[in-house]
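Here the structure is laid out as structure tokens; the discussion comes afterwards.
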Amino acid sequence: MATENSVRVAVRIRPQSAKEKAEKACVCTSVVPGVPQVVIGNDRAFTYDHVFDIDTAQETIYEQCVNNLVSGTFSGYNATVLAYGQTGSGKTYTMGTSFESTYVMDHTIGIIPRAASHLFCEMKQRERDAQGKGQMKPTFDVLAQFIELYNEEIIDLLAEERKPNSIKIHEDTINGEIYLKGVTQVQVYTAQEIMDVLKNGSLKRTTAETNMNQASSRSHAIFSLLIKQKKMASIENVESMEDDGAEEIKEVEVLSAKFHFVDLAGSERLKRTGATGDRQKEGISINCGLLALGNVISALGQAKGKAAHVPYRDSKLTRLLQDSLGGNSCTLMIACASPSDIDFVETLNTLNYANRAKNIKNRIVANQGKSSSLTSELRARIVALEEELKEYKQGKRLVGEHGKETFNDQYLENVSLNNENQRLRTQVKALSSTIEVMKAHAIQLQQKFATAKLSEMDDCDGGASAIEMNPLRSCIEEMETMRTQLIEARATIDELRKQSNRYKAMAASGNYASPSRSLGLSTPLIKAAKRDIRKQKKLLAQMTEPRTGNNIVGDADNNTASTTIVTCNTQNSDMSTSDEESENYQTCKEYIRTCNDFVIMQEEICIREQLIEELEHKERHLAQMRKDYEHKLQELTERITAIEAERDKVIADIAAKPDGRTKQAEEKIQRIREDYENKLNTLRSESKKVKGVEREYARLQVQHNKCQEEIRKYQTEIADMKRTKVEVMKKLKEESKRARMAERENMKKVASLEKIARQHENQIRQLKNYAANKDDIIKRKNEECKKLREKQKEAKKGLKRRSRSHTNATANNHHARALSIPVKHRGETFFDRTFLMSPLSSPDENQFIDDGKNESRKQEMDDKMHRLIKERSDLRSDLLKLYAQAGTSPEEEMAINEQRDSTKVKLDYIQSEIRNLQSEMTDLNY
């Protein structure tokens, strides 16, 4: 049996390359911890089945994504692993389609070597399990094939000669599977042989060097494993299924599966790859195939009914992947992406591409052999026929007029009663919750009312204590419980009385010999329908009556108490909570009433449709009876006429004879007359019966007219109910739509608030950095000012000393001579200069070092700013070109819109980077 399964999507982000680190490219992606979600830029988030960050190991990817696919091949399910991404994003590394054939299980090997090891280990384990159970060992045949799609030509990588046009694509007309004719298939027995086949094919695969990748794949490669297994399957013996000990029958089951490993060539832009000549032609062919694949994914990802055609035949790539996308295959798509901001647009396009693939639904069917599947179908058919035969034996199914299959009245009545029970269960469940709420509300109100009365009686003693209130509350609860039990007992009595009346009516309608009973409206189904209609009308009338305060507290016997409670509520201002509870109750009651109305209308429509079908059946039966009785009446009338004519003829013959009649002749005449009289009396009695039947028929005709009127009335009511049902459904859809819109608006608000919060955090971080830099500058200036003040004080002291010593010219000459001989007194002079210049030497040196660092940082910022401004200018020009460009088809228009969106997001990201860089430059200049 086919089951729907969505295409699973995983995203893997590779580490930055050495070239990207040398260019000082920033990381523009982040993975949310604990959630399979990746965020690109500032606030663009995508959610997938699996998301793997930069530091994820190869083994983790295989265990979480591919392990179950390999296990499913042993149950006959096809599988496909599809690697997609821009050039140089790590697709070949992830898939493991490198040139290394040495089979060593380390942390760097990709998906294909791990899948090969898992496949043969599972085969050996299944053989050991079968041997341990004493069964025949399963046999496995594994075939490998390796092809590439180069410039829209399929090339066999395992063939000795490279012939482009030797392989044809065919589609199986029975199951719709795609297969290749003329491709080389190699039988393998171990995982090492698979790696050897993979190496031989990879060496022949077309690769070349571009500006973005030294070993760029120039073709799409598909490595396939065809697995066929024969095993013993145990089934239950159909002949002994009704017995307790069902025997098991062993038969050979043949299962087959295909496992495709698809390594797509990377999408690339000619502006960045710098491809010319053959490389340019290859890049155009690669992009055309990926565009056709994107159109197929978009068509399959749309809602059912919108996509009229899936363009599989636009490219050979989509034709080869027809089974994997929308066909019979468990498909995993691994989207490989770059984290660097220089690849921002390509990464965003990859994430959008993968996001559309999540909506694709595949129909998964186990690939059994024709004999196995035919045996399973015949066995299921035998079980279904046995169930049908059992229903005929039990009297559940009958064969009516003209060989038409029908159900007996008892079964139809059981169905009607089951529907009624289901409706009543739903109604009782809704009303039970309402009763519990109202019971608690009534207990609370009665307790408040009793508390108010006690407080009035015991004003002099300070009011009722908590010890006195507990017995009061228990008494109120016990009274409410007893009242509820009384209501339930009354309901039980009414139900038993209804059942008794139903059984009496069924017993009275048990004789179906009379036409009046068989054609009347007293059958159990019609009675049940009438009773149910009266009950539902009464219930609707009760539900539409306005509710008063007396109904909330209790029955009609509690009118005084409820009036007092209402008075207390109007007098006390602290009863606002009860008003809120009343509003909540009214809202809950309206919702329950709407649901009950919907259920009641649905059941009424079903019952009335059954009633109309019953009446139409009786109408056909009545017409048949009318025809039979008219035929019988005509036959009896003809017989009476013939006998009377015969009698008259005999009497006339006797009267025509001579008068000499003997005694014997008289006796003979008398005997003939008596015989004819007896016959006439018999015919007259039969004629009276027929006339009675005619009168009965006339009465039934009147009843039939009434039935016709009721049928028309019921049809009108059904049409009205269906219109009401449509209105209720529209109302429910509108409410759900409003709820979804409100939820969407709330999500938008939350997203905008999160964006604002992140902006605020960035601003706070920038302000903190600005304040820290400012504090450092102020601290350094204060230290410099302090040292300058100390220097000034020392200079003043020296001037004072020199002014005292300058008393005469001789002293001045001596002082000048001492200053002019630095060689003799070098040590003393050097000490004085060092002492005088020491406060300025350390700050000047530090300032010089800081200035050098700042100049280097400024140069880096200037270079980055020029690069960002140039990139922003290029993006703006690209965006203007995209706005001026118009698509000739919906697919091209969709592709252009996606390019516009990705360019806008990249432009916003560059603009935010420029603002952040400007803020840093401002802080540094300060």
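Placed from the backbone N, Cα and C atoms, the Cβ positions cover glycine too.
Annotated features, as they stand in TrEMBL:
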DOMAIN    6-360  domain 'Kinesin motor'
BINDING   GLY85, GLN86, THR87, GLY88, SER89, GLY90, LYS91, THR92  ATP binding site
COILED    375-434  coiled coil
COILED    479-506  coiled coil
COMPBIAS  787-797  compositional bias 'Basic and acidic residues'
REGION    787-816  region 'Disordered'
REGION    842-862  region 'Disordered'
COMPBIAS  850-862  compositional bias 'Basic and acidic residues'
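Between the binding-site residues GLY85, GLY90, the minimum number of other C-beta atoms within 10 Å of a residue's C-beta occurs at GLY90.
THR87 (ATP binding site) has a Cβ environment of 24 other Cβ atoms inside 10 Å. Across the compositional bias 'Basic and acidic residues' (787-797), the DSSP tally of helix, strand and coil residues reads 11 helix, 0 strand, 0 coil. Cβ environment of SER89 (ATP binding site): ARG14, GLY266, CYS336, ALA337, SER338, THR350 lie under 8 Å away, each six or more residues apart in the same chain.
There are 24 other CB atoms within 10 A of the CB of GLN86 (ATP binding site), with all protein chains counted. On its own chain, LYS91 (ATP binding site) has ALA83, TYR84, GLY85, SER217, ASP263, LEU264, GLY266, ILE334, CYS336 as residues at least 6 apart in sequence with a Cβ closer than 8 Å to its own Cβ. In the three-state DSSP assignment, the secondary structure recorded for GLY90 (ATP binding site) is coil.
There are 25 other CB atoms within 10 A of the CB of GLY88 (ATP binding site), with all protein chains counted.
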